[in-house]
Amino acid sequence: MRILRGSPALSEFRVNKLLTACREQQLPVTGIYAEFMHFADLKAELNPQELEKLEKLLTYGPTIQEHEPQGLLLLVTPRPGTISPWSSKATDIAHNCGLHGIKRLERGTAYYVEAETALTAAQIATLEALLHDRMMEVVFAELTDAQQLFSVAEPAPMSQVDVLAGGRRALEEANVSLGLALAEDEIDYLVESFTKLGRNPNDIELMMFAQANSEHCRHKIFNADWTIDGVKQDKSLFKMIKNTFEQTPDYVLSAYKDNAAVMTGSTVGRFFPDPESRQYTYHHEDAHILMKVETHNHPTAISPWPGASTGSGGEIRDEGATGIGGKPKAGLVGFTTSNLRIPGFEQPWESDFGKPSRIVNALDIMLEGPLGGAAFNNEFGRPNLLGYFRTYEEKVTSHAGEEVRGYHKPIMIAGGMGNIRAEHIQKKEIPVGAKLIVLGGPAMNIGLGGGAASSMASGQSAEDLDFASVQRENPEMERRCQEVIDRCWQLGDKNPIAFIHDVGAGGISNALPELVNDGDRGGKFQLRNVPNDEPGMSPLEIWCNESQERYVLAVAAEDMPLFDAICQRERAPYAVVGEATEERHLTLEDSHFANTPIDMPMDILLGKPPKMHREASTLKVSSPALERSGIELNEAVDRVLRLPAVAEKTFLITIGDRSVTGLVARDQMVGPWQVPVANCAVTAASFDSYHGEAMSMGERTPVALLDFGASARLAVGEAITNIAATDIGELKRIKLSANWMSPAGHPGEDAGLYEAVKAVGEELCPALGITIPVGKDSMSMKTKWQENGEQKEVTSPLSLIITAFARVEDIRKTVTPQLRTDLGETSLILIDLGNGQNRLGATALAQVYKQLGDKPADVDNAAQLKGFFDAVQTLVRNDKLVAYHDKGDGGLLVTLAEMAFAGHCGIKANIETLGDDALAALFNEELGAVVQVKNDELNAVLATLAAHGLEACAHVIGEVEASDRLLITCGEEVLIERSRTELRTIWAEMTHKMQALRDNSACADQEFAAKQDNRDPGLNAKLTYDVQADVAAPYIAKGVRPKMAILREQGVNSHVEMAAAFDRAGFDAVDVHMSDILTGQTVLDAYQGLVACGGFSYGDVLGAGEGWAKSILFNAQAREQFEQFFQRKDTFSLGVCNGCQMLSNLRDLIPGAELWPRFVRNESDRFEARFSLVEVQKSPSLFFSEMAGSRMPIAVSHGEGRVEVRDAQHLAAIEQSGTVAIRFVDNFGQPTQAYPSNPNGSPNAITGLTTQDGRVTIMMPHPERVFRTVANSWHPDNWGENGAWMRMFQNARKYFG
């Protein structure tokens, strides 16, 4: 083993955060210095040239002042016996650079700790807990201890459970020790089954059975028979859900039988490379819509980042594994937790009811979990466009006195939508002899028993089992697997995939049997063929672990050469682990121990284990009405605006890429001031049409504490009012995912669950004509623990989270909450579907005064809700609405405030027609919406509402004004007169506090200050050219299309939209993978243009873009090709984002690029996804010809975009050379260092450069994602089909003549 020191690992502000954490733990630590340590496991000693190459390879990241280490060494490394994702990617890069003497690279972090006094063993243990993640890392005291990273353990054997001699008792003991969560009748079933087979079960067989038959996988409660209050019910919960499909099967193409549901989409030109020529082209066909929403609650409670990350990853795999290959497109995440209690910002309603030590508190869940979910989506390359966040934790009256209801076991929702070809919706037959394949990453000893663990209430399984059941993420691997799936479905009827499932709960022990069972086959498997990064694992651990980023497939033997070629090109690992058999029998052979760990008929595993029967009793609790004597109106406004369910959530949004794919038409951020208040998410179905897809969410979980049915109905209703202002058409076009969370078995909750499912499945949805073709349930929403000898528990309310999905006819019609003051006189109309009842039970108002109230809002009239949707659709289609915002948490007051924030304007409202109870009128959460309409169309709008039966509930309540005030009166009485800026500041406090705790606090402070600037003119565009003119048109007309290499490396994710932009500009865009160049299949001589695309090549291991660049620089064949290409005078090149970082590292090969800087970690120390204003500079860049002086917004999505120069002279030389191509500017048009206008902190606001001759340009922002006007988060009204950035690509075509 060779040890190589790396660069410092922590920025100054990260060190300060760590020192603060030490102080909070009363540790006498005075200083911490951390640096990366690299460990190389060698086949043979490296020669001097190889060593120099390796040292260069391991020099990456921002330049931070190095120290000579001193103090106590704590070396944090991955767990011995595991191979980290960093290791596998860094080793790949080393091999691609020709360093074949390296067996493996691994990385650790060496912390050198100085203290006032020598640390005790207990203090060191406390410090270690701050420095490492005990689930995947260890702490060593010496650098040489890292040798253990490369030691190979001997495989552990399996064990048996002696049922034949020990009977039921032996299995009961195994049930506890292995954490199987088997029910009593399942234990009986297994004892009987193995007694009949005349042999003892192996531990691996029991774990496999437990996973496959866990509540998590089998949904026993939803399939159970029910007796309620002594009356036998004639339908199961699942049957009531399926009733929605029986009543309204319209537009549903697949339901209840696959990894995701499928609905009818649009006929459009799908843009992807031709499988033969690899040239990108449009394929006119149906792009049907797939949809899925998952939960990952248990792992997120234990370890929030990996819990939420693998939750998103698993849901993405569900979409990819639909039919025989789907394409994930856009994602959502949601969180419900107990109270945040932000230090120094604790709110009056936030009591502390304690928690068990093994789960994370709500604050840490929300500081870490969202980053995990965002990071996976970002690296995979899926925009995250939707979400919600609610907190609830309160003592409420129950049938047995008082109890604490809340979310110590959080809800973590991960969902999304994608597209699928018509001929791929149904899975094919699995031929006998078909190869059974595991595609993706290796097995690791993580996530053991996840399915069974998440089926238990938190606290029922031993703490080490809880930690064993959390998985680890590697999104770049999942991206590679999806590229394989994409190449397969793009082959159309030649798609080699016969059957595919994702690997989720229970690992391959669940996925492989499910695969062959669903194909009506058996399987013969070889355990030692399973790719395995931990040789010491037992057969149970290899078979049942939940290592992520894996799929199982059946591929006919004759299709294997094609499948193999695809995997080789995409560098996606796979292994043939078995063959499909005619006989429905499961055999697993272990060549190492020469035995058969599994040998059982399929029917024992997946036959008919005993069906559950639930007995339930209805328990209704009366709750007192809201006590209002202590409520002052203006204080109520402030409290409600600070409640997390209401407050601004920017800290959850800008961490997630919202522009990747170039198909995003509506993200969370609305208008020129980018305020996060969008009602729903909208995507374009293709680059060549205005058809699209929309998704929205609805949830009102606290209402279930008063009325189970009302809570469920409101969730459906809110999802509808959120999505209503997109151009959908008829209501039955909307399809729902229903995610049910319940503390099953808690007194009254089972009957409540039945009531809620019946309310939606048997009553409301059939009445609306809406189908629920997909969903998920989590039935163990309770946390129990002992504290000072006292038994404590926190129980979640019944929680239904609804996600609505719909096809969109015209994405340009979507109406946002942004109020406009530049369209003449306008009025505001409230459409009140509560019909003046103004019920205050379980509202935000009640919560912030630590109350529940009595009567909640409800959907009393399904026909009226349908009339509302139809009316809004008519108004949207006829362009009658200026702005639209649904009424939700916080009521009318919050709806009006958020519309004013989005429009940066004032509101004058009079609520006298809403009854004589102003508090109830302003804070009730009955369904409805506020719309802004032009006064000359007011009567027509009111007539449309009346025609749909809404005359009595439509109230003209006010007008919009160009001011900084929110004025609400009741007749002559002034109720509220506040500065909009002041309210906007209160609304932003939570997001500021969370950002300051999590990110660079100086950046958080700057952003908070910027929101308080009432003079801010917002985003704007000032162009020096005609956006409608196409300067490439004359050259396109000649019929000559120059060839453009759309270059990607593993982990790149922005290549398709890049190809679409160049295709539109008149180029033949060709898909070129780095593996094509390294294997000599492609030569760059054939191309006139080259573009290096954005994403996360090698998962940003060895620095963003640096690993990709070094695999070129240190590979003789690749280096020669690129060098020759750059030397040719008839070529041009572009690098965007990751491609910009990569090309900047090739500066030695590019003429005129000598002064280019490096691009390193953002100032905020966070991935930044913004819609930022830039100005084009005067430069030689051919891309920006005649664009100098233009100012317009552009998509920014990166974690490492800060320009780093050697010194002030280097920066001055760059400026003097005239090669700066674009700069960030503030909304006043001035180059800026201020965050977030300058989202990465680059000096002189530089974010794009070119060469002296202008033929090569690099830039961090993404013009390819916003080349269409509809893909811009905000744009001027007068732009046509092409957005301002299309000119860049047209200029490139013009350059070739």
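Each Cβ is built from the backbone N, Cα and C atoms, and glycine gets one as well.
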One of ASP559, ASP564, ASP879, ASP886 listed by Swiss-Prot as binding Mg(2+) at the site of GLU718, ASN722: ASP886
Those residues of the chain, 6+ apart, with a Cβ under 8 Å from that of GLU718 (Mg(2+) binding site): MET697, GLY698, GLU699, ARG700, ILE802, ASP886, GLY888, LEU927
Pairwise CA distance, GLU1264 (active site) versus SER309 (ATP binding site), rounded so that it is a whole Å: 27
CB-centroid shell, 8 A cutoff, Mg(2+) site GLU718, ASN722, ASP886, site residues removed: ASN679, SER696, GLY698, GLY717, ALA719, ILE720, THR721, ILE723, ALA724, LYS887, GLY888, LEU927, ALA929
Candidates ASN722, CYS1137, HIS1262 (recorded positions) - the one closest to GLU315 (ATP binding site) by CA: ASN722
HIS1262 (active site) in three-state DSSP notation: strand
Sparsest Cβ surroundings (other CB atoms within 10 Å) among the recorded positions GLU315, ASP886, GLU1264: ASP886
Site of maximum Cβ density within 10 Å, from binding-site residues SER309, ASN722: SER309
For GLY311 (ATP binding site), the number of other Cβ atoms found within 10 Å of its own Cβ: 27
Distance [Cα-Cα, Å, rounded] between GLY311 (ATP binding site) and ASN722 (Mg(2+) binding site): 25
Lowest local Cβ density among ALA678, CYS1137, which the record lists as recorded positions, within 10 Å: ALA678
Which same-chain residues, if any, lie at least 6 apart from ARG317 (ATP binding site) yet have Cβ under 8 Å of it: ASN259, GLU478, ASP502, VAL503, GLY504, GLU549, TYR551
